[in-house]
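J.: Submitted below is the structure of interest, expressed as structure tokens.
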Amino acid sequence: MDNNISVQMKVETGDAGYVLEDVPHLSDYIPNLPTYPNPLRSNPAYSVVKQYFVDADDTVPQKVVVHKDGPRGIHFRRAGPRQRVYFTPDEVHAAIVTCGGLCPGLNTVIREIVCALYHMYGVTKVLGIDGGYRGFYSKNTITLTPKVVDDIHKRGGTIIGTSRGGHDKPKIVDSIQDRGINQVYIIGGDGTQKGAAVIYQEIRKRGLKAVVAGIPKTIDNDIPVIDKSFGFDTAVEEAQRAINAAHVEAESAENGIGVVKLMGRYSGFIAMYATLASRDVDLCLIPESPFFLEGEGGLLEYVEKRLKDNGHMVIVVAEGAGQELLAAETLNSSTAQDASGNKLLQDVGLWISDKIKKHFARQTSMPITLKYIDPTYMIRAVPSNASDNVYCTLLAQSCVHGVMAGYTGFVSGLVNGRQTYIPFNRITEKQNNVVITDRMWARLLSSTNQPSFLGPKEVEVQKQVEAQTIEGENSKPNDI
Ligand SMILES: Nc1ncnc2c1ncn2[C@@H]1O[C@H](COP(=O)(O)OP(=O)(O)O)[C@@H](O)[C@H]1O
Ligand SMILES: O=P(O)(O)OC[C@H]1O[C@](O)(COP(=O)(O)O)[C@@H](O)[C@@H]1O
Ligand SMILES: [Mg+2]
């Protein structure tokens, strides 16, 4: 990707260390664009709202915990409707695409973009791109109207389909240009938003009056800056059902062990939150926290102790946990990737179940019953819950307001409880991970009673590594 920062974001500084990481605007590269009064002025639902339009100077701080003499720090532009817009309703030709893995709430976001465009801004031309990025150049489009999307928020998945791979920049931008699309709404994770950033840059290079806006999606909650990603709460809630089942199975057998594998390729947020919510979990394994099996202080010793003390136990394991152990053992540091270039993982749930079974098979005095539950796809294929539905609505509406106001090259995201516009590069440059020296992981350790598997030396190293990340960057949602 061309990392030309000046076209990705506009940095403004102010007094007392104030920094605004602003998003690009159509007027940055197209001069003298006409503007129009926002049609929401005469919308009966919204015209009564006091101060409905967002003040042009409103910004939201990234860090809310501050010291008396500390700098004001990084801010993002506050989302919301502006007094003037850069498109007339007839002029707009919008397209929506969903890419990457599924996530609860995708259909709600699609629904609310369509409805906001129709009902708030009088737009009537909205297309769905079929099956992710490759749909721009290899498939017919899907017409989206309020009627078509009316009850889609009650369904899991995405009605316009999704895919991995297939990001062909020239073909995608040609398709946007040839079809006369001038608003592109891109819903997807880190990979998708990297793709959105290059599409935006190419559109800008060609001088087109077309805006590109993203809505971050990831069930793993691994996108930085934003408070949390939509669908995450639903996934954690759905994971409870699997954990409950594992607990019931474990409790009902002598030395019963229930193992549940949850999603989380590089970030263990689902496993951590599902564990904290359940309180039935005795051991939670995540990619960020290394562990070992054999010997004093190892996982097998802990399992044995827990069974002796309690008669049963529940283990939650994130899919990315312990991958280095599997690779070392199978001598298979596999380089296999999916179509988007994401590393394909080995099944840690099966592996750990097998290790535990073999360990106890060697000890005839302690027969165990182990049940392995793999609900990974079940937790992301469900419709979003009530609170995610509201969250998706706000994300979608904020995105539409920003696009109508001429902003481009941004994602709509929640920062410290406020809707904001964030430049693409800020959310694609790094990943949000569980910080195992933060308070949230300590809460988990204290709730499960599991060992941290780290010696004092390793804790020190971990602290030093984490101290090197920019202060405050990773402070959400771990360090509450
Ligand atoms: N670095 C990149 N540059 C351009 N496109 C990318 C990049 N990484 C991924 N993509 C595209 O984004 C889409 C989704 O990516 P993927 O990693 O599968 O999911 P997610 O967006 O959820 O992380 C795919 O169509 C893929 O080709
Ligand atoms: O089998 P698929 O569709 O590739 O999805 C599996 C992966 O999708 C994820 O849910 C994340 O997907 P995204 O990066 O698309 O959000 C991971 O947790 C999981 O490894
Ligand atoms: Mg991803």
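Glycine residues also receive a Cβ, built from the backbone N, Cα and C atoms like all the rest.
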J.: Out of GLU319, GLU324, GLU429, GLU458, which one does TrEMBL list together with THR218, ILE219, ASP220, MET263, GLY264, ARG265, TYR377, MET378, ILE379, ARG380 for substrate?
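T.: Answer per TrEMBL: GLU319.
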J.: Given that TrEMBL annotates ARG164, GLY165, GLY189, ASP190, GLY191, THR192 as ATP-binding, name the residue from GLY101, GLY105, GLY122 that shares the site.
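T.: ATP site check in TrEMBL: besides ARG164, GLY165, GLY189, ASP190, GLY191, THR192, the record includes GLY101 out of GLY101, GLY105, GLY122.
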J.: For ASP220 (active site, proton acceptor), just count the other CB atoms lying within 10 A of its CB, please.
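T.: ASP220 (active site, proton acceptor) is surrounded by 29 other Cβ atoms within 10 Å.
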J.: How many whole Å apart are the CA atoms of ASP190 (ATP binding site) and ASP220 (active site, proton acceptor)?
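T.: Between the alpha carbons of ASP190 (ATP binding site) and ASP220 (active site, proton acceptor) there are 11 Å.
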J.: Which residues does GLY101 (ATP binding site) neighbour through Cβ under 8 Å, counting only same-chain ones at least six apart?
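T.: Set apart from GLY101 (ATP binding site) by at least 6 residues yet with Cβ under 8 Å, we have THR162, ARG164, GLY189, THR218, ILE219, ARG380.
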J.: Measuring Cβ to any atom of ligand 1 with a strict under-6 Å cutoff, which of the binding-site residues GLY189, ASP190, GLY191, GLU319, MET378 qualify?
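T.: Once distances to ligand 1 are taken from each Cβ, GLY189, ASP190, GLY191 fall under 6 Å.
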J.: Within 8 Å of the centroid of the Cβ atoms of GLY101, ARG164, GLY165, GLY189, ASP190, GLY191, THR192, which other residues of that chain place their own Cβ, given that this set defines the recorded ATP site?
T.: CYS99, GLY100, GLY188, GLY195, SER340, ASN342
J.: Where does the mean pLDDT land for the domain 'Phosphofructokinase' (94-401)?
T.: 96
J.: May I ask you to report the DSSP-based helix, strand or coil state of ASP220 (active site, proton acceptor)?
T.: coil
